[in-house]
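TrEMBL has this to say about the protein:
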type: DOMAIN; residues: 1-95; note: domain 'Cyclic nucleotide-binding'
type: BINDING; residues: H15, H17, H63; note: Mn(2+) binding site
type: BINDING; residues: H17; note: oxalate binding site
Amino acid sequence: MYRVDYAPQGLAPLHSHPRGSSVIIVIQGCVYVGSVTSDPENRLIAKELKTGDVFAIPAGLIHFTYNVGDTNAVTLVASNSQKPDFLSTRVFPHIPVEILAKSLNVDEKVIEVILEAWKNNDVDDDYMN
């Protein structure tokens, strides 16, 4: 179990935990949480959560958490694995565009736009390294 603090508009970007399911419990604030189901649907399941709300994420699904409030938000995340691991979208720039597009069921142009936006984003200087 671990605590995650979010500044207003703070984001835990798309990522997955290949070896463990997670349960997110909102301790303070309001967050928008979502995960994408597995093939063949690749459907977004998302909900705005307030203090006391809970959201479950099955192992391996890509997901995110975003603070939609004007104040800080705090969540507790519990996992059913001692080492759920973490697959970040930081690996995306190193994967061929056509593989990403097929994996995420989107057009290659969408991937190119996203990668270019990340490349020009100075929020995390080592993001593309």
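Positions of Cβ are set from backbone N, Cα and C atoms, glycine also.
Each of the binding-site residues H15, H17, H63 was scored by the number of other CB atoms within 10 A of its CB, and the lowest score belongs to H15.
Confidence in the domain 'Cyclic nucleotide-binding' (1-95), given as mean pLDDT, stands at 89.
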